[in-house]
Amino acid sequence: MINEKFSKIGFVLAMAGSAVGLGNAWKFPTMVGNNGGSAFIVLYLVLTFCVAFVAFLAELSIGKLGESDVVSSIYKLAPKHKRAWSLSGFFMIGAVLIASFYMVVIGWILKYIYLSFGKLPVTNEQAGAEFDTLLTNDAFSAILCFSIVFLIVFFAVSKGIKSGIERLNVWMMPSLFVLLFGMLCYSLTMSDGFVKAAKFLFVPNFDAISADTLLQALGLAFFSLSMGVGVIPTYAANLPERTNLIKSTLSIIFINILIGIMMGLVVFTFIFAYGGDTTQGGPGLIFVSLATLFAKLGVIGNVMAVAFFVSLLFAGVTSAVSMIEPFAYYLVRKFDFTRKKALVYIGILVYVLGIACVLSYYKPTAQNFSVFGKPMFDALDYLTSNIMMPIGAIIFSAFVGWVLKKDGLFFLFGDFMGKFWFEIWYFALRFLVPIAIFIIMIYQILGK
Ligand code: PHE
């Protein structure tokens, strides 16, 4: 069994690596764009601190107190009904399911890195057609790129917590930051676009807030902090002794928000400077709008495009790694599998599902890969983001808030937050968090 733990900084970077991902690069700017900019950010910040932060600490405590994989930790900690409670640990399978379609998207990013070295599409139609071709006509490229990403991610996880995951994060996260920072500096030279982008992101416009915005912001906060699918307890089980849990969590949340905002500033500076559409959603914003904007800049555009897509690649890979680890860690600890053997089993599942996701967009096979009338890709995204993550987060919070002993939690957190804040946290965990998650879930299932 591999028994190495994270170093303190390694833990923060790995957890931030998990949090910072395609969610920040794609969901964040898209949702900000669609929901009136700054108002959405304000809401997102409030919900991140009042709800997500509270539940995050609960998940941390499961890992830290249980010191094992999610299933065994919960089993160990539950005073009664051990078996039933420990079943909730299997929400970690949600992370494996996310990995399958998430790595397909990282595959597209890889393809765009390659394209960024050549001629970028000049018009929106061209860019749209090019992206469409990759999805619906060029299954070979999509599968090839997915396979490369798959190998990189599984190779990193196979090296274990310290020499694999920590090492990867320790160089990818700072590189991501440097690349983004460089792009941000460049954005500053487009002063007109930059000022408009900053205004759009930071000058509050509260008219744009509605119930819908509220719920979207909460959903994003959960997705973005990798909640409800066992990632946080698994990483926390590998924390070094005497880590200041509050300081680490705040750093992780701060990095997550900072990178989201930097991404937002870069993306919107380009969009405003060149008259792109702020409300274009999903892949459109990144793979279509931004690609054409880069094309307008000539060679510098190529450099920017490479830097941008490489930073997305790093953000994505560090998240993907965290999706595989919980289940691998479980198989290794529970069944004494070697890491390699565990990864072969998980790998087969992820690879098959990933290919199915690619084929669910590929025109000739799309029909055979639809589930409940949705392409497999969308179905998996829906099942995990809208159902498994919120339910997982609710169960983990309820377990810590209602089942675990308050003394044990105070022992864990008391030193770092004091009695006053501990009581507030405990109250929020028991009442605010379940109610908030319940509402968002019902809303998402019933459709907008
Ligand atoms: N937080 C990641 C992102 O923002 C996604 C993620 C979800 C990672 C679930 C791990 C587990 O892209």
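Cβ atoms here come from the backbone N, Cα and C positions, even for glycine.
Keep in mind that what you see is a predicted model, and the values were worked out from it rather than measured.
Per TrEMBL, these features apply:
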{"type": "TRANSMEM", "residues": "41-63", "note": "transmembrane segment"}
{"type": "TRANSMEM", "residues": "84-110", "note": "transmembrane segment"}
{"type": "TRANSMEM", "residues": "139-158", "note": "transmembrane segment"}
{"type": "TRANSMEM", "residues": "170-189", "note": "transmembrane segment"}
{"type": "TRANSMEM", "residues": "214-237", "note": "transmembrane segment"}
{"type": "TRANSMEM", "residues": "249-274", "note": "transmembrane segment"}
{"type": "TRANSMEM", "residues": "294-321", "note": "transmembrane segment"}
{"type": "TRANSMEM", "residues": "342-362", "note": "transmembrane segment"}
{"type": "TRANSMEM", "residues": "382-404", "note": "transmembrane segment"}
{"type": "TRANSMEM", "residues": "424-446", "note": "transmembrane segment"}
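Counting residues 6+ beyond its ends, the transmembrane segment (424-446) has Cβ neighbours under 8 Å at 47, 50-51, 54-55, 57-58, 215, 218-219, 222, 386-387, 390-391, 393-394, 397-398, 400-402, 406, 409, 413, 417 in the same chain. When Cβ-Cβ distances under 8 Å to the transmembrane segment (139-158) are tallied for each of 84-110, 170-189, 214-237, 294-321, the top count falls to 84-110. Across 170-189, 214-237, 249-274, 342-362, 382-404, the stretch most heavily in contact with the transmembrane segment (294-321), judged by Cβ pairs under 8 Å, is 170-189. The recorded stretches the transmembrane segment (249-274) and the transmembrane segment (170-189) share 3+ CB pairs below 8 A when only pairs 6 or more apart in sequence are counted, and are therefore in contact. The recorded stretches the transmembrane segment (41-63) and the transmembrane segment (342-362) do not share 3+ CB pairs below 8 A when only pairs 6 or more apart in sequence are counted, and are therefore not in contact.
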